[in-house]
Amino acid sequence: MGVVGSFALAISGALVGMQKKLDPFGVIIVAFVTAVGGGTLRDVLIEQRDVFWIADPSYIYFILAGAICAMIFQNKLDRFRTSLLLFDTIGLALFSVAGVQIGLTYDLPYIICIILGVITGSFGGVSRDILVNEIPVVFQKEIYATISIVGAVFYIVLHHLEINRLITELLPISTIFILRTWVVYKEITLPSIYKNDETVDEEDW
Amino acid sequence: MGVVGSFALAISGALVGMQKKLDPFGVIIVAFVTAVGGGTLRDVLIEQRDVFWIADPSYIYFILAGAICAMIFQNKLDRFRTSLLLFDTIGLALFSVAGVQIGLTYDLPYIICIILGVITGSFGGVSRDILVNEIPVVFQKEIYATISIVGAVFYIVLHHLEINRLITELLPISTIFILRTWVVYKEITLPSIYKNDETVDEEDW
Amino acid sequence: MGVVGSFALAISGALVGMQKKLDPFGVIIVAFVTAVGGGTLRDVLIEQRDVFWIADPSYIYFILAGAICAMIFQNKLDRFRTSLLLFDTIGLALFSVAGVQIGLTYDLPYIICIILGVITGSFGGVSRDILVNEIPVVFQKEIYATISIVGAVFYIVLHHLEINRLITELLPISTIFILRTWVVYKEITLPSIYKNDETVDEEDW
């Protein structure tokens, strides 16, 4: 699960790097930071835990593979916004659930597990956007983090009910994936809390 | 002390989030990052120490309360710059002192304790500003960090003199609070080190 | 080696801070973050290791000295771009090698050591640029990270051959230094991976 998530996030990072016309190593670095950012912050916060890609360097090869694939197939990934959304969402879904799972492994309170899920799922994308100097996508109107929280809570409920492990993983992952795709497709936003709501200008990507 | 500081910084984070017209969850995330940023960096740097909000999740509820209060009472907090200054300064004062205190608990050298005080007091605000893509307020001309250092040194002196604990805490906290308010009110800046000193244009907030 | 690197990076940070017309404490903070950023991230990632400037506070005095020198001698350092390049490159060379070395000390796999070298060498500069809200220099066309990787690999090869320790350190350091200076001087860039390659406008510094 973590490996597939890293691969997907590496592609999403590479896409943003190429959009910004970085050189190949710049693209690989953005891909790496995007793929490991969330999990690394989680592992640093849980001080008993080693950082996952130092404990298991095979992640690094999957990330490299993802970045290189993105560079080779950039023609096929031409519709930038759609491709970015796809891989970013796969990463969000897999890593949110992985984060909650690891929190539960360490017997942390549910509220902490949910926060770890959100951090694992979204901090990679946040670092990517900070690195290339954009306002993080997580704060655009795409209710990114909200969906990650929904998935995390759903996972905890299923886990509590002691349902079959595969289902406990797959249902929240699919929920996050479907919810985000649907939300972006329908351009749904959370109810506004502002009175005169001039919409912020959309970024051009 | 930490709890009040978290509450105040959560409000300051929520104010900035609302200023940027983020959705409610975006506002909560900025509030959370602002409130825990400084203390989390401190706890990660002191590797023997668990991250405070993971060790004691009750902080999270106070942060949520702060963010929600800010959203509910946004009309009353209408004078944005004044409210932001107030809550940011409360947070700076309480967290700078908390940072020094924790450094002393671990018997670290004074210079490290002072740096931990500055980090605890100001890194939350710095993260907030990086997240919303502003030049951090700490680098505006408000001698933010300088005041934090003054408070930290003052705390160490009082601590060294083994004065009553309440006084040792309250005096530096009030000093930081009064100094910063006074400095902003008088628009005092540190003596310039540049020859032809064209003032940098003020941000519009 | 670490001490000289910190001193050089502190100067590079102070130069950027002064370029942005920060007040003296702002300059010192940027200098500090630039000088410790890379090594701190490395030490936080290697969870067995204490953060170097907390374990040995003498670094802090060298960093202060670097920042103060930069402020005093700002007239002599007037040719901003050249001075920044010089001190940034010294820091990159010394810290990249220091990062690899420490990775090897902890018996980490080579790929991890190389990444730790790149992180130690370049994360200080990245933090500096994020703090002052620039797109990190590492992503400009100066193949910064690529050179750090070349130096790291070179160090590992020499280390593997069990050559004299001084040579094992000096050769990769000089390689990084010469390569980067030459690359910037010749304005060499990595081969482009984009088809119609409109050059991104150069930053004005």
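Even glycines carry a Cβ here, placed using N, Cα and C.
Automated prediction, rather than curation, is the source of TrEMBL annotations.
Going by TrEMBL, these are the annotated features:
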- C:3-74: domain 'Glycine transporter' (DOMAIN)
- C:25-45: transmembrane segment (TRANSMEM)
- C:51-73: transmembrane segment (TRANSMEM)
- C:85-102: transmembrane segment (TRANSMEM)
- C:86-160: domain 'Glycine transporter' (DOMAIN)
- C:108-131: transmembrane segment (TRANSMEM)
- C:143-161: transmembrane segment (TRANSMEM)
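Against the transmembrane segment (C:108-131), stretch C:25-45 shows more Cβ pairs under 8 Å than any other of C:25-45, C:51-73, C:143-161. Taking H, G and I as helix, E and B as strand and the rest as coil, DSSP gives the domain 'Glycine transporter' (C:86-160) the counts 62 helix, 0 strand, 13 coil. Under DSSP, residues within the domain 'Glycine transporter' (C:3-74) fall into helix, strand and coil as 58 helix, 0 strand, 14 coil. If you average pLDDT over the domain 'Glycine transporter' (C:3-74) in this model, you get 90.
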